[in-house]
Amino acid sequence: MKAKLLVLLCTFTATYADTICIGYHANNSTDTVDTVLEKNVTVTHSVNLLEDSHNGKLCLLKGIAPLQLGNCSVAGWILGNPECESLISKESWSYIVETPNPENGTCYPGYFADYEELREQLSSVSSFERFEIFPKESSWPNHTVTGVSASCSHNGKSSFYRNLLWLTEKNGLYPNLSKSYVNNKEKEVLVLWGVHHPSNIGVQRAIYHTENAYVSVVSSHYSRRFTPEIAKRPKVRDQEGRINYYWTLLEPGDTIIFEANGNLIAPWYAFALSRGFESGIITSNAPMNECDAKCQTPQGAINSSLPFQNVHPVTIGECPKYVRSAKLRMVTGLRNIPSIQSRGLFGAIAGFIEGGWTGMIDGWYGYHHQNEQGSGYAADQKSTQNAINGITNKVNSVIEKMNTQFTAVGKEFNKLERRMENLNKKVDDGFLDIWTYNAELLVLLENERTLDFHDSNVKNLYEKVKSQLKNNAKEIGNGCFEFYHKCNNECMESVKNGTYDYPKYSEESKLNREKIDGVKLESMGVYQILAIYSTVASSLVLLVSLGAISFWMCSNGSLQCRICI
């Protein structure tokens, strides 16, 4: 019996066994990503795809300065408001900056026809050539060309637009006029003019000497006849009269003809336009700085190569796509679940089931071994490098596909087009929602695939070791194997590099396996003997207890015993 109890004790004092575990890298990263199935998954490595910062300044765009309109609007600049005279010399720019409420627009009150469309056209212009379409001194010999207005004063004196001429009577006459221009610039030419609408017939007679005036403007793509509307109007900038402003684009080789017998605000300067796909008009109060950037928004410049941004939907230059997302992070590493570094019954550190290894720093997947010569970590470089290459290519591919750099300028609508503007906003919002949904779904799917890819790689590494060891070792859980034979460092290395010699260790493993199986059988016999002894002893104790209770009850009369024959 003593011998059997000794065998039982031996089963609880198992001898040391060599082990090898398959696991993965872990670190102290707090990066979190979302997947299709989970949110806020902590991972070892990830890349951000969403730019959410800007410098708060207006910058040069690829070394080219913007055109800052200052206190002038686009209308004041292009018509030549005297207060915008400093802008006349500006002929090239990277983009145009207009403040939210500029003071200097049309100095003489009136309606600017198709102004929003003109802004849209100018938003794609990066430079122009300003030239005299009808020279002031020679084009109108029979008319006075010095018409001015107090509403367009400059330096305290009455003045007028720098790109238009107000033609009035000369020597008491206003002869019919006819003037034409042929576009020989090999570019589109922007031509602007106006029609004066006096407040009463007396002003009409005094300036133009006719009550039935007209203005006709004709080109291959434009034809319109204007009749002055003489009426008293509320004063604006101390003026009861109005000037309505018009424009057209003249194609190369085309001719524009002006005919009038009064009320014409004639073109003086026109503009040969050069288009630039990265130009645009933004409305901003941001300060100008000497910085240089590739992407500009009204809030500030963005210097980023990321595919998405949530700074502002209006952008100029090579800019990330605007989305409404608050977070777009793509996983490149593994789930970050550092294992509790405690040792189990066999001294093995938890493997890929319970968590990763912070001690393995030179790879994503690998091994931890323990034998008589010590213990240590080793990364599986081949599987790690293959994974890095695959994920890097995938991330680069996603960024390349989604990183469509472009300019997104705001669309222009006048006050009478609110329904169209609201409809446009709904359409834009719809597209923006689709873009945001597509971007978020893409990241969620790729994150799910990447984490599954890592899990698959760890499993494949585990199966690789298992197929080599076969029955020379046993699986003990947590991604670990316990050898049935001694496995020194050379042996461990052969398992890691796939050259493990199974036949070399099979005989030793067989003997040790049989010994362990014998101990198990002997232990089972001991358990059976103990079970029998325990049952018999328990029964005897129960019988003695019942007899004692019966004797006590009979002695005090609580229990009567009768024997009938």
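Here the Cβ of each residue, glycine as well, is placed from N, Cα and C on the backbone.
Since the structure is predicted, the reported quantities are computational estimates derived from the model, not experimental observations.
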In Swiss-Prot, C295 is paired in a disulfide bond with which of C291, C319? C319
What three-state class does DSSP give C84 (disulfide bond)? helix
Once DSSP output is merged into helix, strand and coil, C491 (disulfide bond) belongs to helix
If you compare CA-to-CA distances from C487 (disulfide bond) to each of the glycosylation sites N40, N71, N176, which comes out shortest? N40
How many whole Å apart are the CA atoms of C319 (disulfide bond) and N303 (N-linked glycosylation site)? 9
What average pLDDT does the predicted model assign to the topological domain 'Cytoplasmic' (550-565)? 57
